[in-house]
Amino acid sequence: MDVTAKYELIGLMAYPIRHSLSPEMQNKALEKAGLPFTYMAFEVDNDSFPGAIEGLKALKMRGTGVSMPNKQLACEYVDELTPAAKLVGAINTIVNDDGYLRGYNTDGTGHIRAIKESGFDIKGKTMVLLGAGGASTAIGAQGAIEGLKEIKLFNRRDKFFDKALAFAQRVNENTDCVVTVTDLADQQAFAEALASADILTNGTKVGMKPLENKSLVNDISLLHPGLLVTECVYNPHMTKLLQQAQQAGCKTIDGYGMLLWQGAEQFTLWTGKDFPLEYVKQVMGFGA
């Protein structure tokens, strides 16, 4: 790819960032489509995020992806949020239209799309959702919008717990889905929730390098064959949770599905063109 002065810049703002496959995936897609954009990753944490957004405007970047730990903070720095993004309280995509910034969240639509593509119908189902960060709440919000009956969200009593309660209130007030929030330390409640759940989704970074030997499921007997287990983490590809799930006879969806589908939607938001899905799946080794 020969980058010329006519090319526009798209970024990814996160910390840490070096593990991300998004730059490789998006640049392969842009090159295949013959579009004059290049995608670059920037190490940006909460402290440097405000300045980075000013830089985005000054450089007339087309937009940026937003990942941990900036997804919730980013809502404060855009001019407009989609209804779904308001429900989530976090964004992973910013589109810059001549200095007017729009915030979107494709994490939820991407993950739910991956579930649907596997042949699983979420309508009327119950999900146990681990975590209350930007990705997790995006998945919960989109699942609620698309027909989940109940979401049992588990999170430790950390800085995200109050945000989880606020998220649950927003979803309960605006959808037909019932969301409850429980401290993950309550292992009895966790076990009972899994016993009646249809889906278990890990929306935390537990399982991601350097936590690849960790899982929030301490007892594999809590997993049953009727449970669909899904991951947001894709590095490593096969997390400990997915290994546990397969040993227990569960159907699984790895983090590549969410990465692919949320990235496809981002691509279209930035470029106005269709994402070369089958090509990207092939060259990135994402499988069917």
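A Cβ is built for glycine as well, from the same backbone N, Cα and C atoms used for every other residue.
Long-range Cβ proximity for Lys71 (substrate binding site), meaning a same-chain Cβ under 8 A and a gap of 6 or more residues, is found for Ala90, Ile91, Asn92, Asn105, Gly133, Gly134, Ala135. As annotated by Swiss-Prot, substrate binding site applies to Lys71, Asp107, with the evidence given as sequence analysis.
Non-local contacts of Asn155 (NAD(+) binding site) by the CB criterion (under 8 A, 6+ apart in sequence, same chain) comprise Leu130, Gly131, Ala132, Phe161, Ala164, Val181, Asp183, Leu184. As annotated by Swiss-Prot, NAD(+) binding site applies to Ala132, Gly133, Gly134, Ala135, Asn155, Arg156, Arg157, Asp158, Lys205, Cys232, Val233, Tyr234, Asn235, Gly255.
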Distant-in-sequence Cβ neighbours of Lys205 (NAD(+) binding site), under 8 Å, six or more positions away: Met68, Leu211, Val233
Fewest-neighbour residue among binding-site residues, criterion Cβ within 10 Å, set Ala132, Val233: Val233
Sparsest Cβ surroundings (other CB atoms within 10 Å) among the binding-site residues Asp107, Gly134, Arg157, Asn235: Arg157
